Protein chains: 2
Amino acid sequence: MLRLNYKIIFHFLGLLLLFNGGFMLLSALVSLIYKDGVTSQIFTAGILTLLIGVISMFLTRNHIKEMNKREGYIVVSFGWIIMSLSGTLPYVFTESISNFTNAFFETMSGYTTTGASILNDIEAVPKGVLFWRSTTHWIGGMGIIVLAIAILPLLGIGGMQLFAAEAPGPSADKLHPRITDTAKRLWLIYFGYTVAETLFLKLAGMSFFDAINHSMATVSTGGFSTKNASLAYWNDQPIIQYIVILFMFLAGANFVLSYFAFKGKVQKVIKDEEFKLYFRFILVFSIIAAVIIYFKADHSISTIHHPMVWGRGESAFRHALFQVLTVITTTGFISADYTLWTPFLVVFFFGIMFLGGSAGSTSGGVKVVRHLILIKNGFLEFKRALHPNAILPVRYNTKAISGDIVFNILAFFILYMLSFIVGALVFSMFGIDYTSAVGLSASSLGNIGPALGSFGPVNNYAALPPLAQWWSSFLMLIGRLELFTVLILFTPFFWRNR
Amino acid sequence: MLRLNYKIIFHFLGLLLLFNGGFMLLSALVSLIYKDGVTSQIFTAGILTLLIGVISMFLTRNHIKEMNKREGYIVVSFGWIIMSLSGTLPYVFTESISNFTNAFFETMSGYTTTGASILNDIEAVPKGVLFWRSTTHWIGGMGIIVLAIAILPLLGIGGMQLFAAEAPGPSADKLHPRITDTAKRLWLIYFGYTVAETLFLKLAGMSFFDAINHSMATVSTGGFSTKNASLAYWNDQPIIQYIVILFMFLAGANFVLSYFAFKGKVQKVIKDEEFKLYFRFILVFSIIAAVIIYFKADHSISTIHHPMVWGRGESAFRHALFQVLTVITTTGFISADYTLWTPFLVVFFFGIMFLGGSAGSTSGGVKVVRHLILIKNGFLEFKRALHPNAILPVRYNTKAISGDIVFNILAFFILYMLSFIVGALVFSMFGIDYTSAVGLSASSLGNIGPALGSFGPVNNYAALPPLAQWWSSFLMLIGRLELFTVLILFTPFFWRNR
Ligand SMILES: [K+]
Ligand SMILES: [K+]
């Protein structure tokens with residue numbers, strides 16, 4: 001058996017449970033305030049989770065405070081799994097979701113900030129449970145930030161070394177799992193954005209409950225809504241949708257850049273190459289989509305009502321911007337069914353599913369910086385073909401990047417495409433048609449939420465067979481943890497000593 | 001303007017026209033033998049092509065016999081284009097295909113060995129023209145061999161240095177465009193296979209004309225048939241289909257290995273890592289497909305007649321093997337409509353479209369050796385994540401491969417996927433639905449032929465809008481020439497001096 005510091009692993013998992021249980025108690029408080037009748041069930045779930053966490057930490061209190069890479073991988077992967085497992089308790093105890101497979105799918109979808117849901121009637125679910133549901137992806141978003149800033153760069157995964165300008169570089173083989181000061185600062189911004197969006201949405205006319213839930217969903221790029229129609233519920237209130245658009249944009253940008261902006265270092269933001277490309281992608285894609293929606297899309301065939309309160313042009317522009325942002329930032333909110341807007345826009349949005357937001361944000365997918373490096377390297381590869389002896393390093397934010405990191409990113413992209421193809425293949429084994437299978441795979445892996453075909457924007461995942469729900473959960477997990485973190489656990493050499 | 005040795009470029013293009021014109025005269029001879037009434041038109045096309053070729057060579061006879069990489073790229077890319085342009089003459093002069101866009105599509109589809117056709121009634125086309133049609137992909141196959149063995153390794157494209165065990169390594173910056181002895185030997189094998197398959201098919205009961213045409217289609221992995229039903233015409237004659245299966249297998253394997261086999265060096269063949277993986281892919285995929293066809297596929301819903309002359313089990317096995325080989329080797333013959341066999345098999349065969357046959361064969365797609373290197377490198381990437389300081393080179397056929405070549409292959413794969421996505425996007429702009437657009441892109445780029453949806457195995461490309469035919473032709477060309485060769489012409493620095 002592999003020699004591992006099992007005690008420190010269980011100590012950390014216990015700490016996570018403590019954290020999770022605490023948030024469950026908060027949901028119980030929300031339940032109490034709204035008198036939804038399930039307070040005691042959520043409270044029990046919270047206490048039980050806290051208890052297991054405390055016991056686990058107590059039994060491992062005399063652990064050796066030293067952690068290597070392997071233990072790091074295990075803590076991260078199993079951390080997400082243990083959160084999802086314990087996170088099912090409020091659903092199961094309140095019988096909001098009585099089936100365990102469904103409940104696990106909903107929690108994994110939460111903690112991975114995917115936001116795919118098996119709930120058929122969201123509005124019938126007790127408010128305390130809905131708050132818990134929003135909490136899962138909000139916690140997930142916090143986890144992603146610490147992962148991107150403090151953990152993955154140390155593990156050296158998929159070029160993550162590049163992403164966090166402020167993060168300490170990979171210094172030694174030992175992994176010090178302390179949350180860095182950087183992560184704490186970014187959490188503050190994350191929290192601040194959540195508060196700000198809640199206030200804005202409330203001022204714009206949302207109920208306080210809807211405001212806070214949608215705010216958590218936006219900032220985490222999770223995308224769970226408290227309405228069956230998602231953001232389309234407010235299609236007659238452009239201001240609400242513009243607020244959501246703004247915060248999707250912020251949540252899909254690198255949080256480190258938000259930090260710089262608040263420090264007044266605006267130059268650092270506007271000179272950041274990833275930010276520039278992220279901005280350009282959104283701009284160009286929105287214009288293309290707006291033009292097509294305005295001139296080509298047949299609004300009459302949508303199942304979603306689109307009152308054009310500010311005119312047809314504004315409606316086309318807003319829905320184009322909304323759709324581009326919801327897919328690029330992998331939030332997965334719905335304001336329209338783009339699968340009904342010309343065949344081109346279906347393939348177009350499917351393609352955008354592979355972009356992802358910025359690194360150091362809460363968004364999923366491949367991420368803009370990786371595409372940037374791939375594009376730059378692809379261009380250089382042509383130059384290298386003409387001048388085989390020239391040394392042409394890829395440059396990012398004026399610095400030359402080591403070949404290892406470029407290599408890393410190339411391998412990440414290929415593994416991503418491979419996972420996507422295998423993902424679609426497995427879905428199709430359940431008799432799911434081609435378009436839906438391909439859409440499900442891209443959406444699960446990219447932590448987006450809505451897919452294509454039978455699982456498109458106007459559908460949910462309730463019709464997905466149980467085993468396919470587990471497969472989707474697995475894809476969400478590996479996608480969220482940048483593939484390598486989880487998949488390395490499946491390699492034989494990982495479990496070999498030395 | 002870029003300083004180039006334009007004279008040598010035109011000299012080579014003239015030589016190609018000479019070659020093409022000669023083959024047109026051969027088709028005129030076939031036309032004469034079968035008295036199809038279009039002999040003089042094909043003859044005129046041949047003479048005209050020869051004339052232009054002779055003039056071009058005469059005007060550039062005093063060229064400087066020195067060629068650098070840039071001129072190499074231009075000769076290869078424009079060579080394929082000039083062949084396709086002149087190749088339309090027999091179609092246009094005989095009015096078999098009177099529309100120029102259609103004719104160009106059919107020739108580009110030929111020379112790139114794609115075998116996608118816009119002909120609605122193939123059997124109504126004069127025999128001389130059908131022979132010309134088969135000739136185009138047979139010439140294309142010869143071109144690919146010399147390209148893979150003698151030219152691309154020198155240009156250093158997409159890891160092609162690896163592929164040809166016998167090919168001279170990249171020695172100097174100057175490109176000596178002589179056809180190597182190796183290429184001549186491989187052409188002899190190519191010719192031998194064509195003769196052998198013709199004889200076998202004739203013996204098995206095909207008419208001589210059908211035999212020679214299908215033989216040219218198999219060995220080139222082009223896949224043009226002389227029957228509207230393609231190979232499904234012989235669904236009641238398993239022996240004919242097994243002969244085609246055998247030669248598809250040979251044509252999809254590295255021709256260098258065929259050469260070794262004929263030299264008695266069988267050890268070199270069975271120890272070749274790419275060959276082993278190629279063989280295993282076919283074996284495993286055929287078994288999976290056979291089991292699903294046998295137990296799951298509903299034969300009654302196929303539009304193609306499947307007489308099970310040797311029983312249901314043999315039929316399932318044969319059609320599975322046939323379909324796997326026709327897609328992996330990118331031949332594109334049709335014996336069945338796999339898009340009707342369970343959703344899983346649709347995604348399955350779609351995935352296989354990205355494999356491609358072996359390097360040094362006439363098949364298109366990504367190629368098995370690249371996948372092998374990607375898999376090996378992906379596996380090592382996990383090891384590198386655990387042991388960042390270890391030096392772990394990828395090994396192929398026992399030799400360590402330089403990082404540059406691995407890098408090359410990674411970049412190739414990413415460019416391939418990018419071309420695929422952009423390809424599908426552009427198709428969808430013509431109002432082509434998602435499944436068809438994605439299928440068309442994969443099929444054009446991989447030089448396969450049949451796609452999915454409205455352009456699946458039982459359809460042809462006649463319904464493709466004219467501009468979409470040009471786009472498909474472009475994708476065929478870049479796919480056939482390993483992307484870099486053509487796309488480098490679109491980079492600004494290519495046209496800059498120094
Ligand atoms: K999401
Ligand atoms: K083909």
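Numbers run from 1 along the shown chain.
Each residue, glycine too, has its Cβ placed from N, Cα and C.
What TrEMBL says about this protein:
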TRANSMEM  B:12-34  transmembrane segment
TRANSMEM  B:40-60  transmembrane segment
TRANSMEM  B:72-93  transmembrane segment
BINDING   B:THR113, B:THR114, B:GLY222, B:THR330, B:THR331, B:ASN447  K(+) binding site
TRANSMEM  B:138-165  transmembrane segment
TRANSMEM  B:186-209  transmembrane segment
TRANSMEM  B:239-262  transmembrane segment
TRANSMEM  B:277-295  transmembrane segment
TRANSMEM  B:340-360  transmembrane segment
TRANSMEM  B:405-430  transmembrane segment
TRANSMEM  B:470-495  transmembrane segment
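Sequence features annotated in TrEMBL and their locations in the structure.
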residue  : record            : contacts (Cβ under 8 Å, 6+ apart)
B:THR113 : K(+) binding site : B:HIS137, B:GLY140, B:GLY141, B:ILE144, B:SER220, B:THR221, B:GLY222, B:GLY223, B:THR330, B:THR362, B:SER363, B:GLY364, B:ASN447, B:ARG480
B:THR114 : K(+) binding site : B:MET108, B:HIS137, B:GLY222, B:GLY223, B:GLY332, B:GLY364, B:SER443, B:SER444, B:ASN447, B:ILE448, B:GLY449, B:MET476, B:ARG480
B:THR331 : K(+) binding site : B:GLY115, B:ALA217, B:THR218, B:THR221, B:GLY222, B:GLY223, B:MET248, B:ALA251, B:GLY252, B:LEU325, B:SER363, B:ILE448, B:GLY449
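Under 8 Å from some Cβ of the transmembrane segment (B:277-295) lie the Cβ atoms of residues 249, 252-253, 312-313, 316-317, 319-321, 323-325, 328, 341-342, 344-345, 348, 352, 355, 357-358, 368, 371-372, all in the same chain and six or more residues away from its ends. Taking 8 Å as the upper bound (exclusive) on CB-CB distance to chain A, the binding-site residues B:THR113, B:THR114, B:GLY222, B:THR330, B:THR331 give none. As a quick check, the transmembrane segment (B:12-34) and the transmembrane segment (B:239-262) miss the bar of 3 or more Cβ pairs under 8 A, pairs 6 or more apart, so the two do not touch.
The stretch from B:40-60, B:72-93, B:239-262, B:340-360, B:470-495 with the most CB pairs below 8 A to the transmembrane segment (B:186-209) is B:239-262.
The recorded stretches the transmembrane segment (B:72-93) and the transmembrane segment (B:470-495) share 3+ CB pairs below 8 A when only pairs 6 or more apart in sequence are counted, and are therefore in contact.
Around B:ASN447 (K(+) binding site), a 10 Å sphere centred on its CB holds 31 further CB atoms from the protein chains shown. For the recorded K(+) site, residues B:THR113, B:THR114, B:GLY222, B:THR330, B:THR331, B:ASN447 set the reference point as the centre of their Cβ atoms, and the other residues of that chain within 8 Å of it by Cβ are B:THR112, B:GLY115, B:HIS137, B:SER220, B:THR221, B:GLY223, B:GLY332, B:THR362, B:SER363, B:GLY364, B:ILE448, B:GLY449. Long-range contacts of the transmembrane segment (B:405-430) within its own chain (CB-CB distance under 8 A, at least 6 residues past either end) are made by residues 156-159, 161-162, 354, 366, 370, 373-374, 377, 394, 436-438, 440-442, 444-445, 465, 467-468, 471-472, 475, 478-479, 482-484, 487. Other C-beta atoms found within 10 angstroms of the C-beta of B:THR330 (K(+) binding site) number 33, with every protein chain shown included. The 10 Å shell around the Cβ of B:GLY222 (K(+) binding site) contains 33 further Cβ atoms across the protein chains shown. Following the DSSP three-state reduction, the secondary structure of B:THR330 (K(+) binding site) is coil.
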